[in-house]
Amino acid sequence: MKTFMTFAILTLLVYETTSDQASSYIIDNSVGYGRTFNGIGAISGGGATSKLLVNYPEQQRSEILDYLFKPNFGASLHIFKVEIGGDIQSTDGTEASHMHYGWDEDYTRGYEWWMLQEAKKRNPNIKLYGLPWGFPGWLRDAEDTPWKNIPTTADYIVKWINGAKVHYNLTIDYIGIWNESPYNVTYIKTLRKALDMGGFSNTLIIAPDQNGWPIVEDITKDKELFDAVYAIGSHYPRSSSPELAQKTGKPLWASEDSTGNLAKTLNQNYVTGLMTSTIFWNVVTSYYYGLPDYNAGLMSAGVPWTGHYEVRPPIWMTAHTTQFTEIGWKYFKHGYGVGNFTNGGSYVVLTSPDEQQLTIIIETLSQDPSECTRPARFQYLKNLKEQIVNFQLKGKFAGSIESLNAWYSRPGYSKVPPVYFKKMDPVMVQNGSISLTIKQNEVWTLTTVTTGNKGSYPNIPDSGPFPIPYAEDFEGYSVGEEPYYFAQQIGSFEVGESDGNKFMKQMVIDEPVHWYWCHVDNGNTSLNVFGDYQWQDVSAAVAVQLQGQNTSDAVFLAVRATSGGCVALNETGLFMFFYPKEQRFVLTVDLLQHNVLMSGKVNKVTNNWDVLTLQVKGSRLTGAVNTEELFDIKTPVEISNGWVAVGTYPYGIAWFDDFQVSQL
């Protein structure tokens with residue numbers, strides 16, 4: 001995900017027409033082909049966007065994964081891109097690094113390994129892509145970049161790729177540099193050499209995975225860099241690429257793009273930008289309501305306690321392309337199978353490498369159907385009416401096709417009932433000519449491919465609120481596993497074990513290398529939210545302990561916590577900070593302890609497991625440590641609802657156990 005800057009708006013000229021006169025377009029491969037199609041994908045991460053999926057009931061979890069990855073069922077993705085966890089906040093949470101510290105290596109952390117396996121299980125041909133949004137603190141230099149020791153950073157990434165192979169038999173096909181952050185030419189060259197030396201010469205570099213096309217000039221001037229980079233990846237390119245990028249001959253990718261108005265994006269990224277791959281953020285909205293960019297995914301699965309999920313329109317808009325193409329197909333040339341319609345909309349034509357299959361994808365979308373909060377990609381002119389288009393087949397396909405299978409979608413605008421991915425009667429080809437009447441806001445796929453399918457599962461469970469009372473002792477988890485319902489926002493929390501007892505452990509001890517657009521990790525505090533953003537009157541308790549080396553100074557328990565993501569440092573709520581070594585507490589209404597309600601001494605400190613308790617009902621707040629009541633006060637009226645949360649100040653090791661929350 002990115003923070004938007006000012007870009008020129010791409011205007012698609014759409015003229016009103018009420019004429020019955022048809023417009024004609026040629027489909028001809030005798031003039032040669034355009035660029036090679038590199039596939040359509042989506043992203044898990046950037047960050048923690050799939051956090052809640054792993055805890056879904058097995059049946060619904062499998063169904064969700066089928067809608068995303070199973071060929072000829074739903075989105076049928078060609079590429080799956082994941083975040084390489086770096087212990088940093090990267091939009092909706094933090095994802096754990098495989099190396100919290102230089103002496104640490106663990107390839108069981110997080111859920112991306114599981115997601116990669118599930119994608120590959122459903123589609124053995126899917127391509128896998130890894131990209132770091134940030135890096136753990138031991139790789140950080142004085143400028144807050146990961147270039148302190150470039151060979152060490154390259155080795156860190158190669159170890160992740162090797163971990164995928166050794167532990168999960170997964171081949172990482174593509175690797176990125178540093179999400180939407182300044183690239184380093186020496187690092188890219190060093191990474192290429194490290195990959196080759198590590199036996200991963202087939203893992204291709206996509207660079208820079210940054211907004212715009214800043215690397216193009218460097219690539220044209222530096223042959224070693226040119227050779228190191230397989231494809232130039234731009235984020236949110238608005239279907240435009242510079243002529244200099246096109247002249248490099250490198251594949252051009254929209255290596256992150258928005259699910260808003262997805263079908264138009266897929267066509268226009270090639271029609272006007274010559275981009276041969278588009279990868280959407282994000283694959284599934286599987287994070288708490290109240291966190292940033294809710295419903296930005298291809299589908300939604302944010303309530304695992306019920307099993308409810310939503311198959312949203314982007315699934316079917318993606319299917320119009322993905323179910324009828326494969327990586328390696330060829331686009332036709334502009335003017336001979338690729339272009340904009342005279343009266344609005346666009347079309348692209350692709351064929352299989354053996355020239356046995358043909359697919360035509362048409363869109364006339366004039367509005368943005370997305371519920372996503374991203375800015376509009378296009379200026380939509382809403383006066384498009386019905387038009388008749390004729391395609392004339394020439395070259396190899398002239399006379400060889402009698403009919404085309406047809407799939408149709410119409411988003412629901414102006415009270416028009418929506419239709420998504422409906423199989424229509426075949427479109428006949430007469431004397432090499434195809435005639436089709438198309439209206440405003442339609443998507444059509446005409447294809448020789450016969451395997452298209454609108455998959456479905458019956459009886460999706462109803463949604464419902466988070467179930468409380470809730471208690472967690474962490475005994476059911478494996479060591480290193482991330483507890484399911486805790487959505488870490490700053491820092492990294494995983495299950496630890498000591499003397500046969502399991503607990504949740506905060507692991508970050510140094511300020512990490514943050515994502516360029518998100519500085520929340522610089523606050524030197526950790527935050528982990530839990531439950532329901534709408535909670536108001538609750539009782540929460542947790543046992544805490546600071547044990548061993550590199551410990552934090554304080555731990556906290558909070559109720560009515562309101563913020564997450566890259567604005568988490570602006571968090572308001574009711575926070576009770578406990579400093580066991582100093583035997584004191586601080587009660588604040590903010591995460592950074594700037595607005596203190598009261599503070600005082602704690603008499604009952606065990607130097608073992610200390611139990612923190614907070615209760616809030618209406619405007620009354622009480623707090624205790626080890627049953628010693630510390631306060632009973634009236635709360636600020638503006639803090640009315642939010643999550644329960646735990647965390648530390650500053651970064652440092654801390655243990656949490658016997659977590660409980662109940663309704664009052």
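Note that Cβ sites are derived from N, Cα and C of the backbone, with glycine treated the same way.
The active site, proton donor/acceptor feature in TrEMBL is assigned to GLU180. There are 23 other CB atoms within 10 A of the CB of GLU180 (active site, proton donor/acceptor), with all protein chains counted.
The feature active site, nucleophile is assigned by TrEMBL to GLU256.
Annotation comment: TrEMBL describes 37-323 as domain 'Glycosyl hydrolase family 59 catalytic'.
Summarising the annotation, TrEMBL assigns domain 'Glycosyl hydrolase family 59 central' to 337-452.
Per TrEMBL, domain 'Glycosyl hydrolase family 59 C-terminal lectin' is recorded for 488-663.
Taken from TrEMBL, the feature signal peptide covers 1-19.
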### Message
If I take every residue in the domain 'Glycosyl hydrolase family 59 central' (337-452) and average their pLDDT values, what number comes out?
### Response
88
#### Entry: Spatial separation of GLU180 (active site, proton donor/acceptor) from GLU256 (active site, nucleophile) - C-alpha basis, Å
10
### C-beta crowding around GLU256 (active site, nucleophile), within 10 angstroms
29
